[in-house]
Each structure stands twice: as C-alpha cells, then as structure tokens.
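So that you can see what the record holds, here are the features copied from Swiss-Prot:
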- 17-540: topological domain 'Extracellular' (TOPO_DOM)
- 60-83: repeat 'LRR 1' (REPEAT)
- 84-105: repeat 'LRR 2' (REPEAT)
- 108-129: repeat 'LRR 3' (REPEAT)
- 132-153: repeat 'LRR 4' (REPEAT)
- 157-178: repeat 'LRR 5' (REPEAT)
- 181-202: repeat 'LRR 6' (REPEAT)
- 205-226: repeat 'LRR 7' (REPEAT)
- 380-433: region 'Disordered' (REGION)
- 427-525: domain 'Fibronectin type-III' (DOMAIN)
- 570-609: region 'Disordered' (REGION)
- 595-604: compositional bias 'Pro residues' (COMPBIAS)
Amino acid sequence: MAVLPLLLCLLPLAPASSPPQPASPSPCPRRCRCQTQSLPLSVLCPGAGLLFVPPSLDRRAAELRLADNFIATVRRRDLANMTGLLHLSLSRNTIRHVAAGAFSDLRALRALHLDGNRLTSLGEGQLRGLVNLRHLILSNNQLAALAAGALDDCAETLEDLDLSYNNLEQLPWEALGRLGNVNTLGLDHNLLASVPAGAFSRLHKLARLDMTSNRLTTIPPDPLFSRLPLLARPRGSPASALVLAFGGNPLHCNCELVWLRRLAREDDLEACASPPALGGRYFWAVGEEEFVCEPPVVTHRSPPLAVPAGRPAALRCRAVGDPEPRVRWVSPQGRLLGNSSRARAFPNGTLELLVTEPGDGGIFTCIAANAAGEATAAVELTVGPPPPPQLANSTSCDPPRDGEPDALTPPSAASASASAKAAEAGPPTDRGVQVTEHGATAALIQWPDQRPIPGIRMYQIQYNSSADDILVYRMIPAESSSFLLTDLASGRTYDLCVLAVYEDSATGLTATRPVGCNRFSTEPALRPCGAPHAPFLGGTMIIALGGVIVASVLVFIFVLLMRYKVHGGQPPGKTKASAPVSSVCSQTNGALGPMPAPPAPEPSAPRAHTVVQLDCEPWGPSHEPMGP
C-alpha cells in the first residue's frame, strides 16, 4: 500500500508526450514562388518557361497558377491528391491534350482556367470529378466538338461558362439546358448557324448571354426572353435583367425577328444582312411593318406516276417562300410520312418509296409550310402488277433476248452470255442495227430512226470483242442515225448493241430501250513488205559507221608499221648517217676545221629493199681552219 502513494507522486514528473509534427512541406519548384507561411497555400509559376506541370508541387496548395508557360499535356498524375485545390490557372499554354481523369481528385476546385490553349475537343471524362466547379473558362482554343456529357459532373454548380473564340458549329443544347445555376454564358465568335427553340428555357438564373459574331440568321423566341426585360447595358441593368448580345451575325430580317424588334434597345449595333431590300440597314431602325414573310408557293411537283409493284418510286415537290418552307408528305391514308424501312423523306422535298406495294397507290399530298402559311399539292401514284422477270429498266413490251445486255446485267455477264449463245446458235438475228462497211480497224454502224419514242436524249453504243470482256461505250447525239467506230482490232469478232436513252414521261426518270444488236468481224490485217522500221535503220547506220571507223584505224596502223620497217627500225627522219652530218655542220669556235672521215658502215645482211646511205663530201683546202 505504500507503493501507491509513491507512484502518484512520481506521475507528475513524467515528461509529457509531444503532439505529432505536421509533415514537412514539399520544396518550392524552381522558378516558382510559394506562399507557405500563411493559409491558404499558393504556388505561383506564371511565365516560368515550364514544359510540364512540376512534379514537386505541394499537394496542400489551395491556389496553383501555371499560366503563360509551354505546357502541352496535363497528365493524370500531375494533379493527383490535390484535394484542397480551389483555383487552377493553365491559361495561355500550348495544351493539346488533357488526360481522362486528370482533374478527378480536385473535388474542391471552384475555378478552372484553360483559355488560350490548343484544345480541339472536350470529351466526357476530361472534366470528371469537378463536382464543385463554378467558373470554367475555355475561350481562345480550337474547340470543334463538345461532348454531351462533358459537363455532367459540374452541371448543378457551374455559374460561369465561357466558350468564346472557338470553332464550334454545333453544341449539346440539351446539356447546356441543364445548367440551372449558370449566370454568364459566352458563345461569341464561333460558327453557330442556328439555335433550337427553347434552348435557354430552363436557365432561370441566366444574366448575360453573348452570341455575337456567329452565323446566326435568326434567333427563335424563347420563354426566357419573354420573362425578363432585355437591356443592352450590363452596368445599369437591375439584378433580374438579362443582357443579350447578338451583333455581328448575318440576320435575316423577316417576320421571325419581329419579337426581337419590339424590344427597346438603343446602343447595340446589329444590322440586317438580308433580304436585299433591308441588307445593311440598322436593325433597330427598320420598322416593324417591314419585317414580313412570304407564304410558300409550290413551284414543281411530280406528274402522275405509274410504276410496277416492287419498283422504287420518287415523288418530288418544290416550294419557295420566306423563310424557306419545310415540305412534308401525307399518305393516301392520311398518315404523315417520314423516314422508315420503306420510305425516305429528304429536306429538298423528295419522298422516295424504296419498294412499292399494290396498296401504296393513291393521292399523296405535299404540304409546304413556313411562318407565313402553307401550300399543298397532290401527286398521284399508281402501282401496277409486277413486271416479268426478264424486263430490266425498260418500258418496252418485248423482253430482251438471251445474251442481250440491259441496265441490270453486268457487262461481263452480258458479254459472256452473248458469246456462249453465239457459239451454239451462230450470229444473232438483226433487229435494225446494220454494219454497212467494215475494214480491219473501223466499221460504220447504222440504225433506224426512233422518232416514235418521245423524249429521246441520246443513243448509247456498247460493244466488246471476242477476246475482251470489257464493254466500250459511245454516247451519240439524238439527231444521229449512224456512227463510225474506229480504233478496232483487226481479225476479231465484235458484239454490238444500240440503246435509246430517253425520259419516261410516266415516271419522270431516265430509261433505256434497246434499238438493236449485231455481230461483225473485222478483216485480218495484211503484212506488207514495206520499208524497215526506223529503229532498224538507226541500228544499221550505227553498225556501218563503227565498221568504217575500225577499218580506218587498222589502215592507219598498217601504214605506220610499214614506214617503220622501211627506215630500218628507226623513226622516219632519223637514220645512221644523220649523226656525222649533224657533227660536220656544227660550229664550235667560230671557225671551220677539217672534218674527220666518216666511219665505215658496218656490214649488214643484204635486204630486199633499197637502203639509203647519206655521205658528206670531203672539205677542200679552202676550208682549213683559220689561224688566230
């Protein structure tokens, strides 16, 4: 029991345990300034010449400024674990790529500046994790596409979205319509050509909308515009006012913009680009009575059309008006027609029935409508019984004969079939096409006049030889009834057909009708004994000239050898007697002395040729040397 009081006395003397020390901060990156003495922590690296995000960042930083550098890529690990970051600036770099999930750890981030970079698209995963983002600045990039789900994580918190100065032609308007807390929306200086009606109807807190310098020709009325007053000056606007800017667009001033003209604005410089009567005029100076539209007028429709069952049919309807009318089709049963498995409706007013059935016949109604009214036109379609299997793109009652090419038979199959039938049955029966003259390389083709066929545009001649399956086509004017074929191969058999190309008044389509076919053979080419070809002559001349040169060289060498032998093996002009002669004629001391006798020539064997020996005459007394 005495130990317990002793322990109680020693307990206050025990050293108190020290609290845990905070982790040492990371060193400040080179060329950066770090404010770590007071909260919040900041890392400032503007204009530091950085090529990438510094890896030694303090992960506790609340502000990171990396503007005016040369960063090209934002990687997943660059900003990892920076859960307390509130402000991130990457403005005016060379960023082309942002990795998916690069900002996924920045759940506290409120402002992200990516303006002045080289981004071309923004995908769904690149902004993932920014659940508290309020300011997103993407201006001055090269954005051409914005994914529909790119803003999903920040749709409920985003207050400021700047997409200006990009290359956007389309926007995910439904995704933008979900930004219920956005106050400022910058869409200026893009390539937007249209805005769907009701695109801003759910943006109840929108205070400024900038759509200047786009390609908008009209702005549809929106419930947002009717609820809030429109003022041009943002400074003097009340808190609930909406500032709308749409200058620099090619506005088409018609009745669709009357709602905008009725709003009092004084300091915007919008102008009309069309119609021509109002082009260039100040938008707010044009009276309301001049914003007019023209009702549609149907200018063209298909005539009554008759097609066999199973064939396609095209119904056409053209209309004009201001604004451009929209064309719709109604079936004989009163149903509105659109794109389906059996029909296709085109924006130009054409309705194409891919496969007609007997029940499709009746009166089709074309309806052209715009803001000023609508116009209708009726087009009758008759669907007859299906054609015989042999018919192919022809309204003639005579089916094509076996082996005769038509519009639906491939050329190779047609020629092969024709050749096979010809081998069995001989030449085909003439159907009006005559080959009146033919030689080795040419043939004159004639056919009867086809005036009974209305609307003939031209004739088509197609032929091929027995050694070639490729068809050759010739287009002949409708006024002609003959044609001279040239460049044919000699000694070959040709299959030839003539077709009339005309416009079928019943269908309004271009059709073909066979005029006739024929088979002929070109004459074999003769082999005349003419002059040799130029290449042969050239080779012969070269060989002859070379032979002459070689013979001349041989003769020259032979002459030199003969002269060498004649002079006893010495070059011409240098004989044995030449040495004494030269010594005699030499002058040493200015006086002439007696010349010694020349040495006797050495005996030599007799030669068959003449030997020339030169001797000098003896000097007389008068030639004695002179005294001193």
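Any Cβ shown, glycine's included, is placed from N, Cα and C.
Worth saying up front: this structure is predicted, and the values here are computed from it rather than measured.
Tertiary proximity for the repeat 'LRR 6' (181-202) is limited to same-chain residues at least six positions away from its ends with a CB under 8 Å from its CB atoms, namely 139, 156-171, 173, 208-225, 245. Using a Cβ-Cβ cut-off under 8 Å and counting only residues 6 or more beyond its ends in the same chain, the repeat 'LRR 5' (157-178) has close neighbours at 115, 131-151, 184-193, 195-196, 198-203, 210. Looking just at the repeat 'LRR 2' (84-105), the mean pLDDT is 94.
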